[in-house]
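Okay, so here's the structure we're looking at.
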Amino acid sequence: MVSSPSSHGSSSAEPTSPSRTTGSHHWHDLIAGAIAGLGARAMTAPLDLLKIRRQLAPTSASSSSLASILGGEWRIYHHLHSIAKREGGVRSLFRGNVAASYLWMGYSMTEFWVYGRTSGYLRRLCPDGGGSNGDVKASVAIGFAAGAISGVCATVVTYPFDLCRTIFAARGIFPIPATNVTWSEHTKDLVSRSRRQWPYVQRRPPRTMYDFARQIHDANGMRGFYAGISPGLLQVIPYMGINFALHDAVVVMSESNDSIVSGAAGMGAGVVSKFLVYPLDTVKRRLQAQAFYGTSSGGEDAARKVSSFSNNRRSSSMILPGTASSVVSYDGMMGCFKEIGKKEGIAAFYKGLIPSLLKSSISTGASFWLFTLTKNILRSTG
């Protein structure tokens, strides 16, 4: 990667992090970030789908112990095979991949570019935080602050793609509705924070990103594209802060500019940071799904009923027995926390944790590895 001259004379031979970039090569961050984002997405798409599905499916508090939830999540191949068999083959494991690719590419470009600018500025204010001989504590503090800022910026810029990815991933686990209430009427009640429990409302899953955007805008206006962003922002501050802080600390201590070291550091940082903020991610997913479908998911049981009914009938108002009781309307972020904790138990916040940790370790490690590798290649070619 490109190294920027620090106030105490660091050279290009020093170990580098995403922050050490010269002003004449800022465009390197954008190119490397795009490649890193697309590469990481390609490696982890099925795990991401499984994680989102698990987060959206509610459970009863009596069966929601942490041991039972985590115990069943090690069967990753079984779950992915079940989805592929039920929903149309391996292609279904990449549902929402177009939106997710835009998300990851845009997120990584914004994230690494903002991180490079912010951390470079902070290092000039705190010289002990830069260079191979820099103070590790200062490097960690700078990495955390710059990582948090870059994460917030990237989240705001790309959040509509994140919402779109969740809606596409949720296809197949929402039961078919049972009422003639129109979406616009139902949405008005959701927007006004109505706490009444509604029957399922017919909502045809979008087939394209344009279809998704049109339906969200018609129902909620521009604010609909940012449903669930509050827990998303609260999550990303410690998540990206820890990611970059741990990564930079390892890079500085190892005194290495190797892309493998950068990838390994990112992999470890991804696991630690994801575990700490995971409950916020679960709340964000529930609010995102509610913005489009209007209710919580009926889970895999409902998915099987959807598949069975769809194969036999094409009615637009079919009733699924036993699903109406699972309807939940969350009253914002705090309301979602309360509802999940009360009805499903604390362990429900960690549904999908195992595939999420596996996905985070692979995607974060791959992102830093590809970013560093690409930056090194760009630097060597001038």
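Cβ coordinates come from backbone N, Cα and C, glycine included.
Curation does not apply to TrEMBL; its annotations are automatic.
According to TrEMBL:
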REGION    1-24  region 'Disordered'
COMPBIAS  1-22  compositional bias 'Low complexity'
REPEAT    24-121  repeat 'Solcar'
REPEAT    138-253  repeat 'Solcar'
REPEAT    257-377  repeat 'Solcar'
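Under DSSP, residues within the repeat 'Solcar' (24-121) fall into helix, strand and coil as 85 helix, 0 strand, 13 coil. Over the repeat 'Solcar' (257-377) the predicted model carries a mean pLDDT of 73.
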